[in-house]
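S.K.: Supplied in structure tokens, the structure appears directly below.
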Amino acid sequence: MYSSDPLLYDRLIRRFQTADEREKEGRERGYTGSLEADLVRSEAKLEALRHPDPNSPVVYKRAGDGSIVGVEADEDERAHGREEGRERWVDVMSQRFLRGDDTEFDYSTVDDNEEYDDRGEEDRNQLEQYLGKEDEEFSSSTLLICSPPPMPVWKLDVSASGHDREPTSPWLGFLCLGTES
């Protein structure tokens, strides 16, 4: 976790640790691990000063005494407590991963593996959703079939005498379904 971004880790996680927690972490690393962490932090500060990361929430500047200090790019984004710092850490690391900027992850293992490609499933879901909407629209609409204007709608009239009249128009075969006007 620390090695992903040692400066941001210090800013968002380590800063809110108690002295006992930092001491325990140091003991777990050992003396050489602590020296290595200091060296990595110093090199990371120099690198951040030389090549600022536009996506980093922290900007590094040289102070009057020559030291390198980190300042939040946006003061509103500054973590004010342990939980908020942890949330910011997770968010920044997640965004870095999603952008493809995580140097510790080999993206080609995922990008080049067809088993992880769910594009076909996405296409099927979109098609099913589209067809579902189409079915709803069709079932809720009224079908109206009638003769084209200006021809009148002819209806077959059966007289009370029981004799059918012969149709006098070829349009008589059209049906008009729906409400009559």
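Quick reminder: no glycine exception, Cβ is built from N, Cα and C everywhere.
Sharing the features that TrEMBL gives for it:
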- 1-49: domain 'CCD97-like C-terminal' (DOMAIN)
- 77-131: domain 'CCD97-like C-terminal' (DOMAIN)
- 103-124: region 'Disordered' (REGION)
- 103-120: compositional bias 'Acidic residues' (COMPBIAS)
S.K.: Let me know the model's mean pLDDT on the domain 'CCD97-like C-terminal' (77-131).
M.R.: 85
S.K.: Going by DSSP, how much of the region 'Disordered' (103-124) is helix, how much is strand and how much is coil, in residues?
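M.R.: Computed counts for the region 'Disordered' (103-124) are 13 helix, 0 strand, 9 coil.
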